[in-house]
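Annotation comment: Swiss-Prot describes ASP69 as active site, evidence class sequence analysis. Per Swiss-Prot, the feature active site, proton acceptor maps to GLU134; the stated evidence is sequence analysis. Positions annotated as Zn(2+) 1 binding site by Swiss-Prot: HIS67, ASP100, GLU163. Sequence annotations record features per position, and here Swiss-Prot assigns Zn(2+) 2 binding site to ASP100, GLU135, HIS349.
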Amino acid sequence: MSSCSVVNLAKQLISIPSISPMDLGCQKLISDRLINIGFSVENMNVNQTNNMWAYKGSGTTLAFSGHTDVVPIGNKILWNSPPFSPTVDKGVLFGRGSADMKGALAAMVIAVERFVKKQPDHHGRIAFLITSDEESMAHDGTIKIVSNLIKRKENIDYCIIGEPSSEQKLGDVIKNGRRGSITAYLCIYGVQGHIAYPNFSDNPIHKSISFFCTLISNCWDNGNVFFSPTSVQIYDIESKSSSDNMVPSELTVKFNFRFSNEITSSDIKKKVELLLKHFNLKYSIEWHVSGNPFLTKVGLLSDIVVRSVEELCHISPNLSTSGGTSDGRFIAELGSQIIELGLINKTIHKANECVEIKDLRLLCHLYECIITKIFEK
């Protein structure tokens with residue numbers, strides 16, 4: 001197998017404009033290659049989302065998880081080359097999805113092809129869990145595949161997610177968990193009136209200031225060795241006033257918690273509503289939990305990934321739970337050990353998204369090394 005196989009496959013995937021939740025043939029490209037090396041492939045499509053579950057072997061299962069969808073290109077003028085025409089310049093591959101995460105998908109596939117060629121009768125089961133709904137709502141993607149696996153009582157012992165975890169150098173950061181995310185959609189009610197006659201109105205903005213000061217200054221928890229303390233950010237405020245001489249009748253506010261495993265989403269809801277009542281506010285509130293925190297403590301998978309990075313990248317990776325949510329929050333429902341290991345994330349979602357060719361090839365070797373160590377007897 002030529003040394004440029006991973007680059008060629010990455011280019012093929014990048015050339016497909018699979019803006020979320022569209023797949024447009026990426027998974028067919030991958031599944032055809034997997035079928036050629038003995039994989040069984042199941043399509044679990046939902047609405048516009050393409051989902052793929054592929055597997056080979058039986059027993060202890062190592063799954064690779066990834067997504068074929070990408071974010072929109074943004075302002076095309078900012079790109080130095082067409083975003084869906086993969087371009088190599090001075091050892092760097094440019095294109096939308098190169099880092100997040102078609103490069104990692106290519107590395108996974110080629111790594112498995114190499115491993116199977118060397119060990120066609122390998123121990124255990126290798127699997128792929130791939131969706132085209134990760135960058136958008138994630139309602140029809142990995143969560144649906146996991147739901148099907150749970151119904152069938154299928155197990156994933158170990159899972160490598162190809163999210164771009166690295167920061168400065170390939171392998172310098174690996175994710176062994178993620179914080180939870182819960183969003184509040186709050187409406188505070190007052191009484192509309194003329195701004196010159198405040199005694200005849202009840203300003204919901206003024207009424208809520210003390211509440212918001214307490215909300216953002218409150219210590220929700222102290223975190224722990226794995227997680228930073230729970231934090232809250234207000235990200236949208238809007239009143240219903242359409243005139244500069246009118247006190248609004250209501251104020252709508254959106255805020256989001258990123259929370260550790262020291263607190264639950266239910267605890268957060270209860271504490272926020274106690275604060276609202278403490279400040280005697282008339283309100284309505286809706287909540288959306290995007291995901292609960294998950295954590296893979298030190299164990300076989302994290303040990304193997306760390307050793308592989310040390311051997312091939314010559315650095316000691318940092319274990320981290322920072323950043324946003326990932327599809328690991330769904331896979332965690334299977335009780336799997338989960339590690340996120342992928343390319344450098346400096347250019348993800350930006351114009352001129354790119355990866356170094358040497359990193360792409362090295363990631364492929366890393367994945368193959370991990371597979372070999374997982375299944376060695």
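Just so it is clear, glycine is given a Cβ too, placed from its N, Cα and C backbone atoms.
Where Swiss-Prot records a feature, it is marked here on the structure.
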{"residue": "HIS67", "record": "Zn(2+) 1 binding site", "DSSP (3 states)": "strand"}
{"residue": "ASP100", "record": "Zn(2+) 1 binding site", "DSSP (3 states)": "helix"}
{"residue": "GLU134", "record": "active site, proton acceptor", "DSSP (3 states)": "coil"}
{"residue": "GLU163", "record": "Zn(2+) 1 binding site", "DSSP (3 states)": "coil"}
{"residue": "HIS349", "record": "Zn(2+) 2 binding site", "DSSP (3 states)": "coil"}
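Checked against HIS67 (Zn(2+) 1 binding site), the recorded positions GLU134, GLU135, HIS349 differ in C-alpha distance, with GLU134 being the nearest. When the alpha carbons of ASP69 (active site) and GLU163 (Zn(2+) 1 binding site) are compared, the span between them is 12 angstrom. Here the Cα atom of ASP100 (Zn(2+) 1 binding site) is found 10 Å from that of GLU135 (Zn(2+) 2 binding site).
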